Amino acid sequence: MAGLNSLEAVKRKIQALQQQADEAEDRAQGLQRELDGERERREKAEGDVAALNRRIQLVEEELDRAQERLATALQKLEEAEKAADESERGMKVIENRAMKDEEKMEIQEMQLKEAKHIAEEADRKYEEVARKLVILEGELERAEERAEVSELKCGDLEEELKNVTNNLKSLEAASEKYSEKEDKYEEEIKLLSDKLKEAETRAEFAERTVAKLEKTIDDLEEKLAQAKEENVGLHQTLDQTLDELNCI
């Protein structure tokens, strides 16, 4: 009778362990479903999420191996019904393994929470980068508008330079006395043209360069006006001399 009672106790413990194993399996399946639901978000997260997936997969494999060991232990317990003491020791081993499985499942739950946190952090970083991109696009658009205004001013200055150059060239035949001044003016105009071309490729300094060029052009136009006045005076002197010669 004592042996039968021991066997009955063993069977009850086996049934209790089987129930614990079923519950562990249900919990594992529930965790697996949650993990499947999070996979799509984890794929979009950073590289740590991929590493975390590998760790979760290892945990799942360990859980499968633990379930196989539990099934083996249950089979050994069924074969050990004639040896109650041996069965008792086997049950203790199974209890220890079941506790380890529960600890592993708790670890798996913590890893799942960590994966969710990483995915949320990745989403937050993406939104922050998107906001910065919108700000940079606005600044770029304003910079392009300033560059267009500078290019228009440069075009106007080029036209003015062409006009000044044409006026200077028209005075080349007026008098040999002013050829040296005209060469100097042409050299200055060429220098200004080179500076103007350089200003077109450096939009950020265009406004200051345009201001300097405008002042220089005003100075050149003033010098040109003086040259014209001197040329008129020269012609008047020549005409007066010719009149005096004719009178003689």
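Backbone N, Cα and C define each Cβ position, glycine as well.
The shown structure was predicted, so the numbers you read here are calculated from the model rather than taken from an experiment.
Pulled from Swiss-Prot, these are the features on record:
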- ALA2: N-acetylalanine (MOD_RES)
- 2-248: coiled coil (COILED)
- SER6: phosphoserine (MOD_RES)
- 16-47: region 'Disordered' (REGION)
- 33-47: compositional bias 'Basic and acidic residues' (COMPBIAS)
- LYS177: N6-acetyllysine (MOD_RES)
- LYS215: N6-acetyllysine (MOD_RES)
- THR216: phosphothreonine (MOD_RES)
Would you kindly give the Cα-Cα distance separating SER6 (phosphoserine) and LYS215 (N6-acetyllysine), rounded to the nearest Å?
113
Predicted model, mean pLDDT over the coiled coil (2-248):
66
